[in-house]
Every structure is written in structure tokens, then in C-alpha cells.
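One structure is given here, and the rest of the page talks about it.
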Amino acid sequence: MVNSNGAADKSGAAPDLAKAEVLIEALPYFQRYAGRTFVVKYGGHAMGEPQAARDFAEDIVLLKAVGINPVVVHGGGPQIGDMLARLGVESTFVDGLRVTDEATAKIAEMVLSGAINKELVGWLSNAGGKAIGISGKDGGLVSARKVSRTAKDPESLIEKVVDLGFVGEPDHVDTSVIDTAVAAGMIPVIAPIAAGKDGATYNINADTMAGAIAAALGAARLFLLTDVPGVLDENGDLLTDLTPADIALLREKGVIKGGMVPKLETCVTAVNSGCEAAVVLDGRVAHAMLLEFFTARGAGTLVHA
Ligand SMILES: Nc1ncnc2c1ncn2[C@@H]1O[C@H](COP(=O)(O)OP(=O)(O)O)[C@@H](O)[C@H]1O
Ligand SMILES: CC(=O)N[C@@H](CCC(=O)OP(=O)(O)O)C(=O)O
């Protein structure tokens with residue numbers, strides 16, 4: 001039998017009502033969020049398998065097809081690490097941030113703005129989307145300021161300022177380049193690199209970049225796709241629901257470490273600046289984002305004010 005959409009069903013099976021029910025379950029969400037912006041951060045750890053990248057691209061293109069405006073911000077920490085290792089350069093991290101000298105900043109830009117950004121644009125095009133790859137430098141999207149951190153000296157236990165080099169954070173976001181791309185039906189794909197007022201290239205943690213862009217766009221949702229099921233407690237169990245106060249407590253107890261630190265800082269900033277909710281999700285799970293958003297069951301860790 002041939003459908004009116006031109007698809008041929010050769011299975012002879014009875015009509016599958018469950019498929020229609022899934023679409024109807026999603027209808028109120030399509031209606032409520034049409035025209036709103038979702039910022040989706042795709043982490044370097046979630047990118048591993050080509051099938052995961054294909055599923056991710058399909059999810060993004062589906063959001064666009066139902067009238068939601070997805071804006072993708074990507075990471076690539078492990079991929080930068082691989083390139084640095086091939087070039088014999090060592091990396092150290094402070095609170096999940098890569099200490100970045102001038103050479104490392106150049107390599108980070110090459111990997112993020114070059115290789116990964118264009119690969120993602122390719123996956124989105126293959127899924128039928130019209131994607132445009134940019135970094136914070138393009139169209140004056142983000143201007144960066146240098147990040148400074150303090151850490152306890154292990155011997156004296158005195159808090160000292162640590163120089164992270166060319167690690168930046170967004171100082172100012174001008175969304176006009178995103179607005180122009182979205183108005184032209186495109187999906188912006190953003191690499192976390194930006195120039196400072198001093199003209200230098202800054203390496204920005206991708207979660208931080210995504211949070212700043214979500215706040216500037218007044219996004220309805222921020223999704224952070226990573227390689228764990230969500231935020232885990234001290235026993236490794238999933239925490240499904242967190243407020244900024246819960247997060248402060250978990251950080252004090254040392255339950256949140258490494259890459260999860262900037263991720264949750266970002267979630268808190270996003271919900272405190274008007275984003276309805278931020279979600280930390282397992283990007284390795286097929287169609288994780290669609291399952292989280294369009295079904296009543298949810299997945300990952302929801303952060304809300
Ligand atoms: N409480 C926690 N729950 C889950 N993951 C945690 C927690 N604390 C630290 N992590 C670490 O955070 C990592 C995710 O951050 P990161 O490695 O930067 O991923 P991405 O590349 O996706 O941004 C996890 O793989 C895990 O090792
Ligand atoms: C300053 C800083 O740490 N920048 C990150 C940028 C990439 C990133 O954040 O990638 P993930 O999201 O995959 O971790 C880095 O150099 O690894």
C-alpha cells in the first residue's frame with residue numbers, strides 16, 4: 001500500500017496506534033514552544049559514535065521542523081586533548097577549565113572552529129537541516145574577557161590567584177548574527193571561541209558559552225548533552241531534579257567535580273536569568289533530547305529556579 005505522502009508500506013501489518021499516540025502526546029509541547037529558542041550544548045564526550053551524531057542531528061532538525069528554533073553550541077574537549085597529545089603538548093585543568101597558553105588557544109580554535117564545527121554542520125545538512133557554522137568571533141557574537149580563578153595552595157592552604165592564560169568567558173553577547181541566521185531558516189552551530197577586547201583569541205568552556213547565549217536569547221530551554229545519565233549523587237544514583245540551592249550544597253560536599261562544575265554553574269546562571277529550565281542529559285542515548293522534552297517521562301537532571 002502507498003501512503004498519500006508517497007511512502008510505501010509493504011509490511012501488511014495492522015495500523016500502529018502507538019505511533020500516533022506518541023505524536024499526539026507531543027502536540028501540546030509543539031504548540032507551547034513553537035517560535036521559542038532552545039539552546040543545545042553538544043559536549044565532546046557525547047560525540048564519540050557516528051550514530052549518536054546522526055541521532056542528535058535528526059533531533060535538532062525535527063525541533064526546527066516543528067517550529068522551535070534550536071541553536072547548537074558544541075564542545076570538543078577530548079578532541080582538543082587528542083590533538084594536543086599528538087603534538088606532544090600537555091594540558092592541565094583547574095575546576096574543569098583547560099589552562100590555555102597561546103599555542104593551545106590556536107590548536108583549540110583549529111579543532112573547535114575548524115574540524116568539529118564543520119563536522120556538525122555536515123551531520124545537520126545530512127539530516128535535511130540548513131545549518132551555518134560560526135564561532136563567537138563571527139558577526140561580533142561574543143566578546144570575551146579573561147577568566148581568573150583562585151585555588152588553595154596545597155602546602156600553605158592559602159587561596160592564590162591561578163593564571164589560566166587565554167581562558168575567557170563571555171563579556172558581551174550580540175545575538176544579531178544568530179537572529180539573522182534564524183530569520184533565514186538556518187540552524188546556528190557555534191564554536192566556543194571568541195576574541196577579547198585586546199584582540200587575543202580566547203578559549204571558552206562550551207557550557208559557559210552555551211549559558212551566556214541562552215541568557216542573551218531568552219531561551220526557553222538549555223540542554224547540556226554529555227556522557228553521564230545526568231548529575232549523580234555520592235552513591236552514583238541519578239538526581240532528577242535540582243534547584244540552585246541543592247547545587248550549592250552538592251558542590252560544598254564535593255559531589256560535583258571536574259567538567260560537571262562549569263556545567264552546573266551554567267545551569268544556575270541560565271535559570272536565574274529567565275531560562276525556564278536547564279537539563280543535563282546523556283547524549284550517548286539515542287534521541288535523548290526528544291525523549292526528555294516531548295514525552296511525559298523525562299530523563300537526565302532538570303535544573304529549575
Ligand atoms: N556528580 C557528578 N555527576 C555526574 N558527573 C560528574 C559529577 N561530578 C563530576 N562529573 C564528571 O563530569 C563529566 C562531564 O563533564 P565533561 O567531561 O566536561 O563533559 P562534556 O565534554 O560533555 O562537557 C562526567 O563525565 C563526570 O566524569
Ligand atoms: C577553557 C576550556 O576548558 N575550554 C574547553 C573548550 C571545549 C569544551 O568545553 O568542550 P567540552 O564541552 O567537550 O568539555 C577546552 O579547552 O576543553
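Just so it is clear, glycine is given a Cβ too, placed from its N, Cα and C backbone atoms.
Since the structure is predicted, the reported quantities are computational estimates derived from the model, not experimental observations.
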Item to check | From Asn3, Asn203, Asn235, the one annotated by TrEMBL with Gly76, Gly77, Arg98 for substrate | outcome: Asn203
Checklist entry - Where ligand 1 binds, which of the recorded positions Lys41, Gly76, Arg98, Asn203 are close by, with Cβ under 6 Å? => result none
Item to check | binding-site residues compared (Gly76, Arg98, Asn203) - the one with the fewest other Cβ atoms within 10 Å | outcome: Arg98
Checklist entry - What is the Cβ neighbour count of Lys41 (site 'Transition state stabilizer') at a 10 Å cut-off, with all protein chains included? => result 31
Checklist entry - Between Gly76 (substrate binding site) and Lys41 (site 'Transition state stabilizer'), what is the CA-CA distance rounded to a whole number of Å? => result 11
Checklist entry - Excluding Gly76, Gly77, Arg98, Asn203, which residues of the same chain place their Cβ within 8 Å of the centroid of the Cβ atoms of the recorded substrate site? => result Gly44, Gly75, Ile80, Gly81, Thr100, Ala108, Val111, Leu112, Pro192, Asn205, Ala206
Checklist entry - On a count of neighbouring CB atoms within 10 A, which of the recorded positions Gly77, Lys263 is highest? => result Lys263
Item to check | Secondary-structure category, per DSSP, in which Gly77 (substrate binding site) falls | outcome: helix
